[in-house]
Amino acid sequence: MATFKERESLLHPPEVTSSATMSSTMSEKDKTADAEVSCTPEIPGAETPTCVSSPMNTCLVLSLSFTFVYTAYLAIQNLQSSLNQEENLGVSSLSVLYGTIIICGTMAPTLIRLIGAKNVMLTAWLIHAIYTACNFYPTWGTLIPASALMGAIAAPMWTAQGIYITSAGESYAKMFFSAIPTSEALHAVLSKFNGIFFMFYEMTQITGNLISSFVLSSGSYNSTNSNEPKVCGVHVCDTADTGSNTSSSSEVEEPEKDVVYILLGVFLACNIVGFLVTAFFLPKLKNPEKDSNVTGGCSEMFGCMKMVVDSRMVLLIPLFMGQAMAVGVLYGDYTRDYISCGIGIQWVGYIMTSYGVCTAVFAISINSLARHMGRLSLFIIAVLADVSTLVAMLIWSPAGNEYVAVYFLIPAVSGISEGIMQAQFNTLVAQVFSDNMTPAFATYHTSKATSFTLTFVLSTFVCLRYRLFISIGLYGLGLVGYLITEFRLKRRATYTDKHGQTEVKKQSDIVDNTTKHNSGLQ
């Protein structure tokens, strides 16, 4: 087990002194990566190697399966508040979905231990298909239970994803940067693999939104309450104590049912393809040891609870929540109160495509940016970008007569922030909590789910203006916490470098401990 100082040496990786050489080496060897590794069981009696024998293939297969499934899910999520307006069913279903993530978030390690990471992924894709199917007949009796199932499997699914990518990255680093990779090499590889994954993931905003707008544009629309003036943007307020009819007067035009059914049919096919890709091509990681199912599971659940009060996590949670709330406002409020209200629901997909393009571009570029700019600079840029979009939503109220191009700006700038933060959050969690990754990933996703839930729940009785202020406040608090974290890590890393004995020994302990932790989970 690595000591505290040994773990801390990985938290703030040193500056890359030969980034061009490293990048060239990684690029040239990608093609032969899968053929050169030799995996051997590290746990007696294990039938499956603890390392990932085909790290690049594993990363690509996992990314492709997410592409198909999330092409459907993210597009449906973007449309929920506009398609299911009656009794606020769409927003309520999203509240239930993310609220369930909070309740079930600490169960992620136990479920992964019981059925394995691959089976968690397959279960998740099956539930996604059920959720899509329930949108054919959206009622409180169908959509709400399906949303609850989605929330229950979300934390285990994303935890399994983080473990797959981290395990693949560690194996890749061992192949090309010796059996004991330095923190510099590990950081570069994790940035590379997370960048690849989130490039595919964010591409789903493009594919899903283009499909939705293409299909919805083929329908005709019956405007509701067309004689009443519409109020769009930050002035839309659904609070019960206003006594106004603002909500009903701002309802958006809805497409014909047949058009919606065609759209959902395409998305259901995407769910099925994603399930098949995972079932046939994603390798299994090591199964849990039989005698640790109960004791280990309880220990990991307590580990998740302890992680919430870990001082390192406490400093980072406001940043996680601020970013999630900003995304929730974009998905739930910007799509309905700005786009659909201002120029029509058929434009939601086209406009949100700009969000997907920017996130995909920055996700794939993050490896190079991380080497040349450093993590601190990237996070500051991302926070400023997101806060600028929140401020813009505070001061702009669309009237429907603006140039359509104006509506693309906020999602595009928000996409820059998302592309940076998605990959860097995962890399940050993997490095800061290298000795305890599974509870850390579970807590990270649970904190984001908490923020999403608050965003959607508050939308039913708190004006958008105040929710924007809350998001900006969380970002401010989160940035302060992150800066304190970086300062502490730099100071401790400097102390360790001056008083440590051998960096190689430190990295050996950390990497071996991380690998055994991952393999013991699965």
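Each Cβ is built from the backbone N, Cα and C atoms, and glycine gets one as well.
Keep in mind the model is a prediction, meaning the values are calculated, not measured.
Per TrEMBL, the feature region 'Disordered' maps to 1-38.
Summarising the annotation, TrEMBL assigns compositional bias 'Basic and acidic residues' to 1-10.
If you look up TrEMBL, you'll see 17-26 marked as compositional bias 'Low complexity'.
Per TrEMBL, transmembrane segment is recorded for 59-76 (among others).
What TrEMBL lists as transmembrane segment is 96-115 (among others).
According to TrEMBL, the transmembrane segment annotation covers 259-282 (among others). Within the chain carrying the transmembrane segment (259-282), a Cβ under 8 angstroms from the stretch's Cβ atoms is held by residues 58, 61-62, 64-69, 71-72, 75-76, 83, 118, 121-122, 125-126, 128-129, 132-133, 135-136, 164, 208, 211-212, 215-216, 218-219, all 6 or more beyond its ends.
Marked as transmembrane segment by TrEMBL: 313-332 (among others).
Nonlocal intrachain contacts for the transmembrane segment (344-364), taken as residues 6+ away from its ends with a CB within less than 8 angstroms of a stretch CB, comprise 75, 78-79, 82-83, 195-196, 198-199, 201-214, 216-217, 219, 221, 252-255, 330, 335, 404, 407-408, 411-416, 418-420, 422-423. The transmembrane segment annotation in TrEMBL covers 344-364 (among others).
What TrEMBL records for 376-396 (among others) is transmembrane segment.
Summarising the annotation, TrEMBL assigns transmembrane segment to 464-484 (among others). Same-chain residues lying 6 or more positions outside the transmembrane segment (464-484) and placing a CB less than 8 Å from one of its CB atoms are 233-234, 236-237, 314-323, 325-326, 329, 333, 337, 376, 379-380, 383, 386-387, 390-391, 393-394, 451, 455, 458.
Beyond its flanks by at least six residues, the transmembrane segment (376-396) meets 233-234, 319, 322-323, 326, 329-330, 333-334, 338, 366, 369-370, 409-410, 413-414, 416-417, 420-421, 424, 464-465, 468, 471-472, 475, 478-479, 482-483, 486 of its own chain at Cβ-Cβ distances under 8 Å. Within its own chain, the transmembrane segment (313-332) is flanked in space by residues 77-78, 80-81, 91, 94, 307, 355, 379, 382-383, 386, 389-390, 393, 410-411, 414, 417-418, 421, 425, 428, 432-433, 440, 443-444, 447-452, 454-456, 459, 464, 467-468, 470-479, 481-482, 484-485, which lie at least six positions past its ends and keep a Cβ under 8 Å from the stretch.
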